[in-house]
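The next block holds one structure in the form of structure tokens; read it before the comments.
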Amino acid sequence: MASFPPRVNEKEIVRLRTIGELLAPAAPFDKKCGRENWTVAFAPDGSYFAWSQGHRTVKLVPWSQCLQNFLLHGTKNVTNSSSLRLPRQNSDGGQKNKPREHIIDCGDIVWSLAFGSSVPEKQSRCVNIEWHRFRFGQDQLLLATGLNNGRIKIWDVYTGKLLLNLVDHTEVVRDLTFAPDGSLILVSASRDKTLRVWDLKDDGNMMKVLRGHQNWVYSCAFSPDSSMLCSVGASKAVFLWNMDKYTMIRKLEGHHHDVVACDFSPDGALLATASYDTRVYIWDPHNGDILMEFGHLFPPPTPIFAGGANDRWVRSVSFSHDGLHVASLADDKMVRFWRIDEDYPVQVAPLSNGLCCAFSTDGSVLAAGTHDGSVYFWATPRQVPSLQHLCRMSIRRVMPTQEVQELPIPSKLLEFLSYRI
């Protein structure tokens with residue numbers, strides 16, 4: 001068994017070195033809580049980075065301060081970096097000038113994180129109520145944490161204070177995602193087999209339950225225009241939901257094992273899913289077609305072997321913001337960087353016991369969390385996107401596949417716009 005296709009010379013693949021790391025604190029800690037770093041997240045505006053460092057705690061650090069420390073000290077631990085001064089408004093509209101690091105004790109094992117930002121003119125989708133307990137400012141930045149006991153806690157990023165405690169799930173909250181449109185609509189995925197939709201502008205009202213999964217739900221992700229949601233889970237499940245009507249659009253068939261991670265491309269034209277079957281699939285979410293397969297074990301395993309303990313479980317997948325690259329993390333102690341038009345990785349990096357990964361807001365850095373609660377960072381593959389690709393992304397942001405196929409243009413151009421060449 002090999003990690004790369006036979007035609008690929010493993011020695012010719014570029015191997016990256018970390019540019020920095022954030023190490024988990026040492027003991028003593030409550031031994032009842034694990035050290036695993038199940039989730040990492042970057043703020044939408046690139047101002048903060050958060051990760052669950054195990055032992056019930058989440059650490060928030062100014063991202064620019066992290067980068068400065070990486071440049072000054074290489075891969076030294078920067079968990080004690082100094083605070084960064086940036087202007088902000090609190091929930092009451094007052095000015096604060098000292099956003100800084102925060103260590104948040106969430107009270108239970110943290111399985112999921114998500115940043116959410118507020119756009120005041122975006123009205124609540126639920127009801128029009130004149131009075132609210134919380135009125136979020138224009139530059140409000142929130143952090144949602146999903147816990148082992150089924151609770152979701154909402155924190156003010158700038159102060160580290162608890163704002164809301166959302167209670168409705170009965171099992172682990174495995175993933176969280178905010179709608180990118182600034183509406184502060186939050187979706188949670190849980191081991192209780194449900195997804196729940198929360199309206200934080202309506203004081204955290206739980207407005208909808210999405211049912212359809214027959215087993216654990218591992219992950220969920222909004223499309224860039226917030227109109228579609230992907231959820232993935234055990235028993236090969238990949239579901240797409242209409243988030244205007246809160247109805248299921250379709251179920252995607254193809255994986256042979258639990259599907260544990262998903263992410264949309266920046267233009268919403270592609271969907272990446274990662275599975276324990278050793279594969280990452282790139283889908284067209286508008287028609288359910290598989291456009292590309294990224295294998296992590298060769299020769300490709302049979303469905304029976306892929307559906308078992310194959311030692312190549314893919315744990316996480318993330319789309320870069322250039323729309324050209326995808327990162328995946330697997331149990332073979334390797335992080336892979338892929339181009340969407342190549343079926344082999346263009347760069348790799350060693351990582352033992354990895355659990356999660358995410359690109360920074362500008363796509364220049366990849367962060368990955370591990371079993372021991374630490375985070376490692378790599379500079380990502382960079383290239384100037386072609387004008388053709390930029391035009392394709394602009395078109396696909398506003399036009400689904402069905403409308404593209406109806407355009408009176410040459411077939412080769414249709415294939416390019418549909419990501420088939």
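Cβ atoms are placed via backbone N, Cα and C, with glycine included.
Note that the coordinates shown come from a computational prediction; the quantities given were computed from them, not determined experimentally.
If you look at the repeat 'WD 1' (32-71), the same-chain residues 6 or more away from its ends with a CB under 8 A from one of its CBs are 19-20, 22, 24-25, 78-79, 81-84, 86, 99-115, 117, 141, 143, 145, 157, 160, 175, 180, 355-362, 365, 367-375, 377. The repeat 'WD 1' annotation in Swiss-Prot covers 32-71.
Marked as repeat 'WD 2' by Swiss-Prot: 124-165.
According to Swiss-Prot, the repeat 'WD 3' annotation covers 168-208. Look at the repeat 'WD 3' (168-208): DSSP puts its residues at 3 helix, 22 strand, 16 coil.
Residue counts of the repeat 'WD 4' (212-251) by helix, strand and coil are 0 helix, 23 strand, 17 coil (DSSP-based). According to Swiss-Prot, the repeat 'WD 4' annotation covers 212-251.
For 254-293, the entry in Swiss-Prot reads repeat 'WD 5'. Confidence annotation: the repeat 'WD 5' (254-293) carries a mean pLDDT of 98 in the model.
The residues of the repeat 'WD 6' (309-346), classed with DSSP into helix (H, G, I), strand (E, B) and coil, number 0 helix, 18 strand, 20 coil. The repeat 'WD 6' annotation in Swiss-Prot covers 309-346.
Residues or ranges marked as domain 'SOCS box' in Swiss-Prot (evidence: sequence analysis): 372-421.
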Using DSSP three-state counts, the residues of the repeat 'WD 1' (32-71) come to 9 helix, 14 strand, 17 coil
